[in-house]
Amino acid sequence: LLCSSGKDTLVKWWDLDTQHCFKTLVGHRTEVWGMALISEEKRLITGSADSELRVWDITYIQEVKDPDEPESKKSKGSSPGAEENTEEDETLELDECPEERLVKCSKIGSIMREGRDRVVTLATDRTGKILACHGADSVLEVFSVLSEEEVQKKLEKKMKKAKKKAKQNSEEEPERSVELSLQEEIQRVTNIRASCKIKSFDLILSPKGELKIVLLLQNNIIESYNLNLSAQVPQAVRASKITIGGHRSDVRTLAFSSDNIAILSAAAESVKIWNRSTLQCIRTMDCEYALCSLFVPGDRQVIIGTKTGKLQLYDLASGSLMETLNAHDGAVWSIALSPDQRGFVTGGADKCVKFWEFELVKDESSVQKRLSVKHVRILQLDEDVLCVRYSPNQKVLAVSLLDCTVKVFYVDTLKFFLSLYGHKLPVLCMDISYDGTLIATGSADRNVKIWGLDFGDCHRSLFAHDDSVMYLQFVAKSHLFFTAGKDGKIKQWDADKFEHIQTLEGHHQEVWCLALSPNGDYVVSASHDKSLRLWERTREPLVLEEEREMQREAEYEDSVAKEEQPVVAGETQGETGLAGKKTIETIKAAERVMEAIELYREEMAKLTEHKAICKAAGKEVPFPVNPILRAYGNITPSAYVLEVFKKVKSSELEESLLVLPFSYVPDLLRLFNEYIHLGSEVELLCRALLFLLKIHFGQITSNHMLVTVIENLKKTTISRVSEARDVLGFNMAGLQYLKREIEAKDEVAFFADATDRFEEKKRKRKKKEKEKMVLAVL
């Protein structure tokens, strides 16, 4: 059995053998977000969008049946805490539905949560003794579920107290009035408050009675708690906390060291340095909200540009902040190292591009000099600066502005050189090729444009991603470049041939940034799914034709899935449609049928030609057999079409016929006439025939060549269907006779329960019909 819940406020039971839903639980006012089975799967607890945990009592009818019991008691069963009422049970059995033969499920009460919002996770430990749940807040509520032995002990204890009380009051001894309430069976243990909102949890109950709880929090932290259940007042104690591994928030900037070994990642709260080969975090430093970063030449220091407009200089050896500079009045959106490695340039939201140089200054606390930066020049612009990049020869500087243009300036004089315009939305990223001939720009309009840096002409505009292009970088010493988009994909492109080379899929959400190693062998990317992914260039050759074919197939499948269902003539729109949709499987099935019909046409043409040759020669000439027909055992072409048609899945038959072009339908109708006349697969062929007549009614009736075919089909179909009906009727009568003979001989009733229920339903239906007739007369 399978139990499922959904946003339709229902809980459904499914029989996996018959693959159908046999029971539906109602009683929830809102969506059912969580379920858990307790008490050896005899209780079901459901959590919805309110503060109520509903408890359902489950009785498995097949399990409690005893062959020695009388027939009237076979379907009765109870579980601890459930009320017994023999008379009520007998009444229910009279009107019992077929679904009650497998399981009975009734609501016995509710447990109230302290949380006001919806249940996010509801689960038990492996033993089923501990139940826990949490909502969209930081509180985990823990409950203890009593086992059957503990329930019996409590009942005995409660009975003793009741007897003692009855003796004191000189009353009769209570017999069945003592019962445990639901709150006594499922007891609240404690509430655990985490340091942040809970995402999910897991429980382990040790044999010693200590409960261990692991919480995954929304800020990417894992916390572990220990809870001693044997204590008088159980209190959860935080045992450990995993925080070093990853960032607490989205990584917004990445950088590779010059030796391809270290990777820098920075987010809203920290800067982390990772070892590329071991994938371990080797240094964590606190910072402000980081937007851009770079390794200082020598790879001993890093510079971070922040959202508040500051530049932070960190020393990697000590992991300390060496210096903080107020660089811009707004966010520092971009930073670029100069090719001569003597300085760098920054662009910010204050409409300024600032030039900086490295220098060694004497530190007051130390005799040795330390690295620092000094501001040397400023370029004032009319719009916010989003991205800056140097040309490899350091002659020009490209600046992306909020007005959707990219302006190119001479570095030495800061005079205007070129303006690249054509994007409909601001350019968020760009890069210049190693030889300084090309500049590629990625925009929020989802396009990538490739420009010539000599005259500023646009070579090609490429539709790159399904959402904003967030990052773009050229591969070292080549005209290949990578782009990252908000659609969660990373793509590689060829700027010379303007071709899409490959797509790297792995991230589940928006990709914010990426970085290429200086040798071009590695790509690291950061996404909103809180992951950093490292990609390595392999030695395996990449065949572009295969990649394009795979891409075309994926796009075609997506378009097929999204395509609206075809309209069938004569059916009102809005009514229940076909049980299925157009998929790649239905299209392939239709193609196989088309290929079979084409083979049939070719063989018929060859056979006609062969007869003419034999007639002209005056002797029999051997006819060459098609290898496909030989593989099927030298069958005829028409029999081959039937074999292919029979292999189409029953659930895909209608959709496959919808895809089939009308040019193949006349041949198919003639073959159907032949098959039905021979009496093979009458049911399948009649189903396909009626569907083809429904969808191609206009074309078939207007085609004079098909009139005789339809007339013949009418005669053969009616006769063969009548024969099939007669055979079925004869077989049913024979089975009824055998049933009566066996029942009379062995004194047993076949399908007694089902027959009784069927007769009962029939009687009720007739009674209702009579009542309706009386009302109509009145």
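The count begins at 1 with the first shown residue.
Positions of Cβ are set from backbone N, Cα and C atoms, glycine also.
Residues 30-35, 37, 44, 46, 48, 98-99, 102-103, 105 of the same chain lie 6+ residues outside the repeat 'WD' (1-24) yet bring a C-beta within less than 8 angstroms of a C-beta in it. Look at TrEMBL and you will find 1-24 (among others) tagged as repeat 'WD'.
Here the repeat 'WD' (25-66) has, by DSSP, the following mix of helix, strand and coil residues: 4 helix, 23 strand, 15 coil. Residues or ranges marked as repeat 'WD' in TrEMBL: 25-66 (among others).
According to TrEMBL, the feature compositional bias 'Acidic residues' maps to 84-93.
Marked as coiled coil by TrEMBL: 145-172. Residues 38-40, 43, 80-81, 124, 128-131, 178-180, 184-187 of the same chain lie 6+ residues outside the coiled coil (145-172) yet bring a C-beta within less than 8 angstroms of a C-beta in it.
Long-range Cβ contacts of the repeat 'WD' (244-284) within its own chain (Cβ-Cβ under 8 Å, at least 6 residues beyond either end) map to 219-221, 290-295, 297, 299, 302, 304-305, 314, 316, 319, 512-519, 521-522, 524-528, 530-532, 534. Summarising the annotation, TrEMBL assigns repeat 'WD' to 244-284 (among others).
Each residue in the repeat 'WD' (325-359) gets a DSSP state, and the totals come to 0 helix, 22 strand, 13 coil. Annotation source TrEMBL lists repeat 'WD' at 325-359 (among others).
The average pLDDT for the repeat 'WD' (420-461) in the predicted structure is 94. Residues annotated as repeat 'WD' in TrEMBL: 420-461 (among others).
Taken from TrEMBL, the feature repeat 'WD' covers 462-503 (among others). Mapped onto DSSP helix, strand and coil, the repeat 'WD' (462-503) counts 0 helix, 25 strand, 17 coil.
Annotation source TrEMBL lists repeat 'WD' at 504-536 (among others).
Per TrEMBL, domain 'Small-subunit processome Utp12' is recorded for 638-740.
Residue counts for the repeat 'WD' (420-461) by DSSP state, with H, G and I taken as helix and E and B as strand, are 0 helix, 23 strand, 19 coil. Within the repeat 'WD' (1-24), the DSSP-based counts of helix, strand and coil residues read 0 helix, 14 strand, 10 coil.
Proximity of distant same-chain residues to the repeat 'WD' (420-461), defined by a Cβ-Cβ separation under 8 Å and at least 6 residues beyond the stretch ends, is recorded for 386-387, 389-393, 395-396, 398, 400-408, 467-474, 476-479, 481, 483, 485, 493, 495, 498.
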